[in-house]
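**Student:** This structure is in structure tokens; I'll ask about it shortly.
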């Protein structure tokens, strides 16, 4: 269930604050790595072998921590994008339902409003011949003229020209990257393959038969097969 959109600004602010903190931690670690590297270069000739190994381990540990912060920031950014995307999809669906309900009400008012019925009766035979049925369009000449509904406003015709399915079936941005075995864009819950050489990297839960994130390392079906072949 997606939380109410009124909570979205607070959630975004919290996530952005966390990302800023992770950025700062990463920068601090980078400065620490630079200092350790400079110290190592300056003193390496006078160090014992054990001291060299210990110093290099410190540098390696700092690099690992820096990478961990960066991975956390990327994961947080993906969660933020997914959260906003869920709200956008829900708003699109709500807008489509609203437009469908509005269309039903306005079409019903054409039949229930006595003034509307009298107006239809007063039309000339030429007008009747010019309109070939509600909403049907066979050519530009057959297109019914816009009717002014409720006070003569044509806004209703504009908003109702969009079918609910048009909103839900909007084309995907061709520049948006695709993932998973299904080669679709990022949506819903996703999991990353722990094989650093995995050509796909990210997968939708449903495509790999997952409902929750498994404990420990997880490998995609392709990488599992490759690991079995190597054994």
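Cβ atoms here come from the backbone N, Cα and C positions, even for glycine.
Just so you know, TrEMBL annotations are computer predictions that nobody has curated.
Since this is a predicted model, take the numbers as computed values, not measurements.
This is the feature table in TrEMBL:
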type	residues	note
BINDING	180, 182, 204, 207	Zn(2+) 1 binding site
BINDING	193, 198, 220, 223	Zn(2+) 2 binding site
DOMAIN	177-226	domain 'PHD-type'
REGION	106-151	region 'Disordered'
SITE	179	site 'Histone H3K4me3 binding'
SITE	190	site 'Histone H3K4me3 binding'
SITE	194	site 'Histone H3K4me3 binding'
SITE	202	site 'Histone H3K4me3 binding'
**Student:** Of 180, 182, 198, 204, which binding-site residues come within 10 Å of residue 190 (site 'Histone H3K4me3 binding'), going by C-alpha to C-alpha distance?
**Tutor:** 180, 204
**Student:** Can you give me the residues near the recorded Zn(2+) 1 site, meaning same chain, not 180, 182, 204, 207 themselves, Cβ no more than 8 Å from the center of the site's Cβ atoms?
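**Tutor:** Going along the sequence, the neighbours appear as 179, 181, 183, 184, 203, 206, 208.
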**Student:** Have a look at the binding-site residues 180, 204, 207 and say which one has the shortest Cα distance to residue 198 (Zn(2+) 2 binding site).
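**Tutor:** Looking at Cα distances from residue 198 (Zn(2+) 2 binding site), the smallest one goes to 180.
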**Student:** Tally every other Cβ atom lying within 10 Å of the Cβ atom of residue 190 (site 'Histone H3K4me3 binding').
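**Tutor:** So the Cβ neighbour count for residue 190 (site 'Histone H3K4me3 binding') comes to 20.
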**Student:** Using Cβ atoms only, which residues of the same chain lie under 8 Å from residue 223 (Zn(2+) 2 binding site) while being at least 6 residues apart in sequence?
**Tutor:** 193, 195, 198
**Student:** Please give me the binding-site residues out of 180, 182, 220 that lie within 10 Å of residue 202 (site 'Histone H3K4me3 binding'), comparing Cα atoms only.
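**Tutor:** Taking 180, 182, 220 one by one, the ones whose Cα falls within 10 Å of residue 202 (site 'Histone H3K4me3 binding') are 180, 220.
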**Student:** Across the whole of the domain 'PHD-type' (177-226), what does the mean pLDDT come to? Round it, please.
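**Tutor:** Value for the domain 'PHD-type' (177-226), mean pLDDT as a whole number: 88.
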**Student:** Going along the chain, which residues six or more apart from residue 207 (Zn(2+) 1 binding site) have their CB under 8 A from its CB?
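**Tutor:** Result: 180, 181, 182.
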**Student:** Note the Cβ centroid of 193, 198, 220, 223, the recorded Zn(2+) 2 site, then list each other residue of that chain whose Cβ lies within 8 Å of it, in sequence.
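**Tutor:** For the Zn(2+) 2 site the neighbour list reads 194, 195, 200, 201, 203, 219, 221, 222, 224.
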**Student:** Determine the most Cβ-crowded residue among the binding-site residues 180, 182, 198, using a 10 Å radius around each Cβ and all protein chains in the structure.
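**Tutor:** Buried the deepest by this measure is 180.
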**Student:** Please give me the recorded positions out of 179, 194, 220 that lie within 10 Å of residue 204 (Zn(2+) 1 binding site), comparing Cα atoms only.
**Tutor:** 179
**Student:** Roughly how many Å separate the Cα of residue 179 (site 'Histone H3K4me3 binding') from that of residue 220 (Zn(2+) 2 binding site), to the nearest whole number?
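**Tutor:** One finds 12 Å between the Cα atoms of these residues.
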**Student:** Quick check for the class: what is the C-alpha distance, in angstrom and rounded, between residue 194 (site 'Histone H3K4me3 binding') and residue 220 (Zn(2+) 2 binding site)?
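**Tutor:** On Cα coordinates alone, these residues lie 8 Å apart.
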